[in-house]
Amino acid sequence: MALLCYNRGCGQRFDPETNSDDACTYHPGVPVFHDALKGWSCCKRRTTDFSDFLSIAGCTKGRHNSEKPPEPVKPEVKTTEKKELSELKPRFQEHIIQAPKPVEAIKRPSPDEPMTNLELKISASLKQALDKLKLSSGNEENKKEEDSDEIKVGTSCKNGGCSKTYQGPQSLEEVCVYHSGVPIFHEGMKYWSCCRRKTSDFNTFLAQEGCTTGKHTWTKKDAGKKVVPCRHDWHQTGGEVTISVYAKNSLPELSQVVANSTLLNVHIVFEGEKEFHQNVKLWGVIDVKRSYVTMTATKIEITMRKAEPMQWASLELPAAKNQEKQKEDTAE
């Protein structure tokens, strides 16, 4: 009568009369499962497939074994009728402490709230720079030069995206390749509104060739103030969000930063003739009264106090999320 061999990795039937010392090929070790790898403790082969694991040939020769291994012994739980049901409950339940209720998030205010001018703090370095350049005193002599029709050699073209300079009368006949739109910075991408070639790299953005042709604009009288992009970034702490705009020699009397709880509008005039504009729909809610602007000779820092101490996922509210908020406001 053929008997079943219970050696690990064998599982064959054998005749007890012909059983010999090398009749069985099996694994004397135990199964090992670690980090998705499967194998036997007695040999080095490992596999991630369970079917391959079952087909791993034994590593040891011996006699077939017909004795069924004993089943694992289950721990015996002794109870008595005298003990109450409460005494049989796990002890750890006695030490459970109810977690505090989560703090409810502040409801997002309406974007139509009145805008408020943030306090401007002017550093000593900016005051010294403006005094030196005589930009804050409204010098009449400079104004006359600005109003003059004379174009100096080396004057830069005022059209956006054009880097040409005036070299003489021949420059008046040159074709200007420029951007007719305005620079847009949104969710890490930079592009011009007129051609929308988006990039995340600031230097690549500055090097983008214009999409419109026309005549150079050499004087401010014709061009007005020149809207230009500025490198800017942001960081946050537990209670504040800070935006840094890298614009040199900004003019406090011509610049303003206005905000409400969820919107920020930045208008900065710097280096006499340049302007920077940025409108931001903030990801979180700010405390306008405790927010302020610090103007230095090299940059402007906008420090916004968070209405609640939480981590912002980004500076700007994503467009999709903003549309959902508008739908909710309309429904209400």
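Using the three backbone atoms N, Cα and C, a Cβ is placed for every residue, glycine included.
Features as listed in Swiss-Prot:
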type	residues	note
MOD_RES	A2	N-acetylalanine
REGION	2-77	region 'Interaction with PPP5C'
DOMAIN	5-64	domain 'CHORD 1'
MOD_RES	T47	phosphothreonine
MOD_RES	S51	phosphoserine
REGION	61-82	region 'Disordered'
REGION	65-316	region 'Interaction with HSP90AA1 and HSP90AB1'
BINDING	C157, C162, C176, H216	Zn(2+) 3 binding site
DOMAIN	157-216	domain 'CHORD 2'
BINDING	H179, C194, C195, C211	Zn(2+) 4 binding site
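All features noted in Swiss-Prot, drawn onto the structure.
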residue	record	DSSP (3 states)
A2	N-acetylalanine	coil
T47	phosphothreonine	strand
C157	Zn(2+) 3 binding site	coil
C162	Zn(2+) 3 binding site	coil
C176	Zn(2+) 3 binding site	strand
C194	Zn(2+) 4 binding site	coil
C211	Zn(2+) 4 binding site	coil
H216	Zn(2+) 3 binding site	coil
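The shortest Cα-Cα distance from C176 (Zn(2+) 3 binding site) to any of the recorded positions (T47, C194, C211) is found for C211. Of A2, T47, H179, C194, all annotated as recorded positions, the residue with the shortest Cα distance to H216 (Zn(2+) 3 binding site) is H179.
Most Cβ neighbours within 10 Å, among the recorded positions A2, C157, C195: C157 holds that distinction in the structure as shown. In the predicted model, the region 'Interaction with PPP5C' (2-77) has a mean pLDDT of 82.
Each residue contributes its Cα atom, and for T47 (phosphothreonine) and H179 (Zn(2+) 4 binding site) these two points are 61 Å apart. Recorded residues H179 (Zn(2+) 4 binding site) and C162 (Zn(2+) 3 binding site) have their alpha carbons 8 Å apart, per Cα-Cα distance. The shortest Cα-Cα distance from C194 (Zn(2+) 4 binding site) to any of the recorded positions (A2, C157, C162) is found for C162.
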